[in-house]
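Notes for the one structure printed next.
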Amino acid sequence: MGHFTFISLCLMPIFLSLSGAECYTCPIDWLSRNGLCYKLFDDTKTWPDAEIFCRKHKPGCHLTSIHSEAESADLAEYIYDYLKSEKNVWIGLNDPQKERIWEWTDRSSTNYTSWNEGEPNNSWNKEYCVHLLASQGYLKWNDTPCESLFAFICRCQF
């Protein structure tokens, strides 16, 4: 009995620490990376409609934010592999106040950027939403009118 009690007491902290750990599983057709789930949607929407679509999946879902070169490369590969045609893809970066202050819809940090050369340029004073450029392998960003129709990628934590 003493041996069982000793082992039980030794293992108890392990079980208690695991009970607070969050387990996540992305739906089958979503990309899983670092505790987050990404899903590319091939149908085209305006930027606001794409953001609304993402939010309807689950509280906390948004058009994707991108925070590192590694995350950018993973997403570019995923998009390249699954998009049926060479379409630009909306991400969650925008300029909601139209003051050239870029914000992610999930309110995360904007310390990483990957603008295409010469961007953001706010051409014709109406480019307030951001997409991944198909012509740049989905690695570079461009500001464009929010009413443009593009494919889009959502990011969620399930």
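A Cβ is built for glycine as well, from the same backbone N, Cα and C atoms used for every other residue.
Values in this document were obtained by computation on a predicted structure and should not be read as measured data.
Annotation source Swiss-Prot lists signal peptide at 1-23, citing experimental evidence.
DSSP gives C26 (disulfide bond) a coil state; it is part of no helix or strand. Around C26 (disulfide bond), a 10 Å sphere centred on its CB holds 17 further CB atoms from the protein chains shown. If you look up Swiss-Prot, you'll see C26-C37 (among others) marked as disulfide bond, on the strength of sequence analysis.
Looking only at the domain 'C-type lectin' (33-155), the predicted model's pLDDT averages out at 96. Residues or ranges marked as domain 'C-type lectin' in Swiss-Prot (evidence: sequence analysis): 33-155.
Within the same chain, the residues at least 6 positions away from C54 (disulfide bond) whose Cβ sits under 8 Å from its Cβ are C61, H62, L63, G92, F152, C154, R155, C156, listed in sequence order. Annotation source Swiss-Prot lists disulfide bond at C54-C154 (among others), citing sequence analysis.
Per Swiss-Prot, the feature disulfide bond maps to C61-C156 (among others). For C61 (disulfide bond), the number of other Cβ atoms no farther than 10 Å from its own Cβ, over all displayed protein chains, is 21.
N111 (N-linked glycosylation site) carries neither a helix nor a strand DSSP state and counts as coil. Annotated N-linked glycosylation site per Swiss-Prot: N111 (among others), in sequence order, evidence recorded as sequence analysis.
Feature annotation from Swiss-Prot assigns N-linked glycosylation site to N121 (among others); the stated evidence is sequence analysis. The Cβ of N121 (N-linked glycosylation site) lies under 8 Å from the Cβ of E127, D143, each of these being in the same chain and 6 or more residues away along the sequence. In three-state terms derived from DSSP, N121 (N-linked glycosylation site) belongs to neither a helical nor a strand segment and is classed as coil.
The secondary structure of D143 (Ca(2+) binding site), as reduced to three states from DSSP, is extended strand. The Cβ neighbour count for D143 (Ca(2+) binding site), using a 10 Å radius over every protein chain in view, is 23. Taken from Swiss-Prot, the feature Ca(2+) binding site applies to E127, N142, D143.
Less than 8 angstroms from the CB of C146 (disulfide bond) sit T46, W47, P48, N94, Y128, C129, each of them six or more residues away in the same chain. If you look up Swiss-Prot, you'll see C129-C146 (among others) marked as disulfide bond.
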Does DSSP put C54 (disulfide bond) in a helix, in a strand, or in coil?
helix
What does the structure give for the C-alpha distance between N111 (N-linked glycosylation site) and C37 (disulfide bond)? Integer Å is fine.
21
Quick one: give me the count of other CB atoms within 10 A of the CB of N111 (N-linked glycosylation site).
7
If you draw a 10 Å sphere on the Cβ of C154 (disulfide bond), how many other Cβ atoms land inside?
24
